[in-house]
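Since the structure comes first, as structure tokens, the remarks are kept for the end.
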Amino acid sequence: MLDFFAIFSKGGIVLWCFQGAGVAESFAAPVNVLIRSVILQERSGNNSFNHNSLTLKYKLDNEFELVFVVGFQKILMLTYVDKLIDDIQLHFRDRYKNELEQKGAIKYLVNDFEFGDDFDQLLREAEESSRLKDPVVMRTFTQSLKSQKTVKSMIETKGGDKGKEQGGKKNKNAKKEAEEVAGAAQSKSPPTSKKVVVNGNQDLTKEELIQRNREEMFRKMAKSGTATRSPKPQKEKEKEKEEKKKAAKAKRVWDNCGTNLKELDYSDKVNGSQDAGLAREHAEPEMHLESMAGDLRDVDYESSEPEDEEEEEEEEEEVERVVVTEASKTGAKRGGLGGMFGMFKGLVGSKSLTQEDMEPVLDKMRDHLIAKNVAADIASRLCDSVAKKLEGKVMGTFTTVASTVKQALQDSLVQILQPKRRVDILRDVMEARSQRKPFVITFCGVNGVGKSTNLAKISYWLIENGFSVLIAACDTFRAGAVEQLRTHQRRLSMLHPSDQHGGRPSVQLFEKGYGKDAAGIAMEAIAYARNQVFDVVLVDTAGRMQDNAPLMTALAKLIAVNTPDLVLFVGEALVGNEAVDQLVKFNQALADHSMSDRPRLIDGIVLTKFDTIDDKVGAAISMTYITGQPIVFVGTGQTYNDLRSLNARAVVSALMKA
């Protein structure tokens, strides 16, 4: 039933393994995928992982730095696997405790772990326990809660004040009975002159009680002076209106704008639309931009709110104090000395961490991540992964639980933001140039995130590094999209005239207007770039929501037909939970509408509007965690040189600040 079971150290040394009968493939390939995709990427919150036709379940032993992995076919529903892996972990630890305490690769290689007989026995016990479980029998009606309810309990009585049944309908029989009882009471009741008991007033009738309440009300009104006020005269109202008009806000007059209409009229000074365009072009202030040759600078983080480290340390100590106080209370029950030594042990270390110790700290960390714009689901997964990573681990001397958990979470966040593969666009463009073909980058994303603006920034960066750029205007839906790219192309040409590039234009726009097929325009642009020897083709696509099926199909067609070298998703840093939905559905649409067995998905992320979020940088974590792809560019402003690369440690330090 099982394909394999492996026990290995976190250093990669296999201590013992089992392979099922008839299994020809080695277990090394799926285990290596598990290590690369889950354990190293800090995604160990869930103990199950699917690879091709196999399901892998694993458990981490943090005290001895071991990993237990079992693999079986995905179509099998083996209910005893969780129990088996727990039993094997405990049995293996107990049997080889002395050997495992002698840590080191050489010690593992020298020792011989004969665990075959024990494994067979534990496997048989686990299989028998799953067979011996009684089948779940459906409860009879008499055993259900509904059978214990009577008709009387379903009817709301006078205490409910509504006289309705459970379904909301009135009980007609109860209503008739109430009317009959009321009629009988009226026939037996004496005349109204008889005094009745109302609110504890046994000596007053209803009429006398009402009269007394009126007198009390008038007496209170006279004392408090709550007499009705006379309306304001008409003259006072008019005066108030005039004062409001006088106090109206005055119009603002800007210093740099003219007041004379003749000064602002340029129609007579330049003849012709082309000359007017040139005049406006020369009227623009000269742009002074820094050189961007070479690799991009790392993004700098500056918080508008200064960090108060003392408050943060006090909060950590407070959480730690809660944990230690609970430990001391449990220890005090055993004895005074035991409670004192237990508290001291919790403070100074040499203690194995448990889920109960970490729970208050992890709850606080989860809330902190959500407040910093990390998606709620991602924050929960990260905290679960940290808990599994630390559970059973022995703390160092004089270290607190809060500091240990925070450091582990910080390391996990840095690991997530560091890419599995390095995206070096300059190197890839030079390699494509040596093969005499253009390097194609496609930009996609939802509406209004800044695709065209950041495309222009990347164009400026590539031109600064000596490459020629062709911009393909494949946004044939949004009005003004082509004109926006034409404006960027004109301004970039002013910054880098053709004289500086041997008479060739440094940047050129390829457009076919509106309403055309975007995939066809991209194909023509790539062919034009190949003929005219352009180094890079930047394909601008229309913004689309992730739920728009026709536009998502068109995007998948564009990518499948033209096979770009890089597909970049442009997302803004302001989003929280929405980032997860966008990336998941974009990747799902590209996979569903692809025509190949290995669909082309998102290769990287462009994070825009990073200068508007202060220290709420959680969107970077959410996007990289979902896709597993790196953040290639970070947009930090409105000018062409406001483009940076991601600094993982700077982002994590901003994320962890209180």
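Any Cβ shown, glycine's included, is placed from N, Cα and C.
Here's what TrEMBL has on this protein:
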COMPBIAS  158-179  compositional bias 'Basic and acidic residues'
COMPBIAS  204-219  compositional bias 'Basic and acidic residues'
COMPBIAS  233-245  compositional bias 'Basic and acidic residues'
COMPBIAS  278-300  compositional bias 'Basic and acidic residues'
COMPBIAS  301-319  compositional bias 'Acidic residues'
DOMAIN    630-643  domain 'SRP54-type proteins GTP-binding'
REGION    149-251  region 'Disordered'
REGION    272-322  region 'Disordered'
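Here the compositional bias 'Basic and acidic residues' (204-219) is broken down by DSSP into helix, strand and coil counts: 14 helix, 0 strand, 2 coil. Residue counts for the domain 'SRP54-type proteins GTP-binding' (630-643) under DSSP, helix first, then strand, then coil, are 0 helix, 6 strand, 8 coil. Across the domain 'SRP54-type proteins GTP-binding' (630-643), the prediction's mean pLDDT works out to 90.
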